[in-house]
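Peer 1: Grabbed the feature section from TrEMBL, which reads as follows:
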- 2-60: domain 'TRAM' (DOMAIN)
- Q288, Y317, E338, D387: S-adenosyl-L-methionine binding site (BINDING)
- C414: active site, nucleophile (ACT_SITE)
- C414: active site (ACT_SITE)
Amino acid sequence: MEFKKNQIVELYIDDIGNEGEGIGHIDGYALFLKDAVIGDKVRAKIIKTKKNYGFARVEEVIEASKDRVSPRCSKARQCGGCTLQHLAYEKQLEYKFNKVKNCLERIGGLENIEEKMEPILGMEEPFYYRNKAQFPVGYDKEGNLITGFYAGRTHHIIDCTHCMIQHPVNEQILLKVLDYMKKNNITAYDEKTHKGLVRHIVTRVGFKTGEIMVCLVVNGSKKNLRNLEMLIDSLTEVEGMTSICVNINKEKTNRILGSKIEEVYGKPYIYDYIGNVKYQIGPLSFFQVNPTQTKVLYEKAMEYADLKGEETVWDLYCGIGTISLFLAQKAKKVYGVEIVKEAIDDARLNAKMNGFDNAEFFVGKAEEVLPREYEKNGVYADTIVVDPPRKGCDSKLLETMVKMAPKRIVYVSCDPATLARDLKVLSEQGYEVEKVCAVDQFSHSSHVETVVRLKRK
């Protein structure tokens, strides 16, 4: 049977894809549908066809799955942020557990892996968990000033000031900024013409300290923000307002933040904690966006590291030292490596602020720093912790890790596929996977974090 674009079909959803999309089959032909749940019977319009599979859009749910729930956010289907809000939370967790398991089996070639997997660590309250938000500013079709989030895979702004996964204080902040812009004829930036002033409203909230930062990303400077005192007076009415600043981004690019910051009010940073460790966070700092689950994630990594106080630990891709300083509480010595100089500056500052004199940091690529320090300076490690970006670890780095022969490796991953690829290499080079634990760091999305403990055979 041949399928065509815009054809209306009815089908039963019998599987779930890598991005959380529903999958249905008609005469062996697979259709991928966003916002569909296993067990749904749907009427759908085909929007794209390939030889053996295609993509369709749900037009009507004829029979709802028992696992389907009503999204708490009215913009969930439009916005690109919450792709799984229509799926019962316990089923989201089940999907993420299986996503990790399937990758480790299929890509990693790891047998009987489910026996080594602990139950996934989910959230008690999987809403309002994000401590950072970046809201693009623009206009609707009628020319009204709006802010919100981009629709999935587009730069079309969905008007949304109340987001179900962001800190609730953001709505108050956004309304105040929009009100200020309207009263002072401050324009929004237009990506097509590269004209207009305000590009994004960036917020950061310290969940433990209550401190708040607001940063306006502008195609100009703070001098272009007329009557700025009005905005300061308005925003400082918000309890916890600690920092207001402007980020300069005049580039004709999709990149959100520029490199230059101009202070407007208060200090150019806020503080927050993960566990007992205090961190200073600026507008450009990388900091995990879900502090509740980050604590869970790092505590699991600490448990897997099983430090006794005499170990030398290398923390690769360390960022601003978030995991490094957790490890420094129990290790004899921690070495952190990160390519971004500003992140290492933050890491050193955070180590000093917390009184850790057993943490040392290197600027550079992990796959260059570790081989250099090992081959030229003879460094060693009892334990190596890696927390790479989605692309996983560089092959040169894995090779050096194996040569150093640490007793234990703790691998923290944000991508099960590259995790599985790297575990396959380590497993073939003398390491054995002991334990695996998935952590739900991004509820209502398809993303999942994983912690793995490996021991030398």
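Including glycine, each Cβ sits where the backbone N, Cα and C put it.
Keep in mind that TrEMBL annotations are predicted by a computer and have not been checked by a curator.
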Peer 1: Neighbourhood of the S-adenosyl-L-methionine site (Q288, Y317, E338, D387): other residues with Cβ within 8 Å of the Cβ centroid, in order?
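Peer 2: For the S-adenosyl-L-methionine site the neighbour list reads F286, D315, C318, G319, T322, I323, P388, V412.
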Peer 1: Pull out the binding-site residues from the set Q288, E338, D387 whose C-alpha sits within 10 Å of the C-alpha of C414 (active site, nucleophile).
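Peer 2: Those near C414 (active site, nucleophile) - Cα within 10 Å - are D387, in sequence order.
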Peer 1: Quiz question: given the recorded positions Q288, Y317, E338, D387, C414, which has the greatest number of C-beta atoms lying within 10 angstroms of its own C-beta?
Peer 2: E338
Peer 1: Please state how far apart, in Å and to a whole number, the two most distant Cα atoms are among Q288, Y317, E338, D387, the recorded S-adenosyl-L-methionine-binding residues.
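Peer 2: For the residues that bind S-adenosyl-L-methionine, the greatest Cα distance is 15 Å.
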Peer 1: Suppose you look only at the domain 'TRAM' (2-60); what would the mean pLDDT be?
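Peer 2: It averages 96.
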Peer 1: Which residue counts does DSSP yield for the domain 'TRAM' (2-60) in the helix, strand and coil classes, in that order?
Peer 2: 0 helix, 37 strand, 22 coil
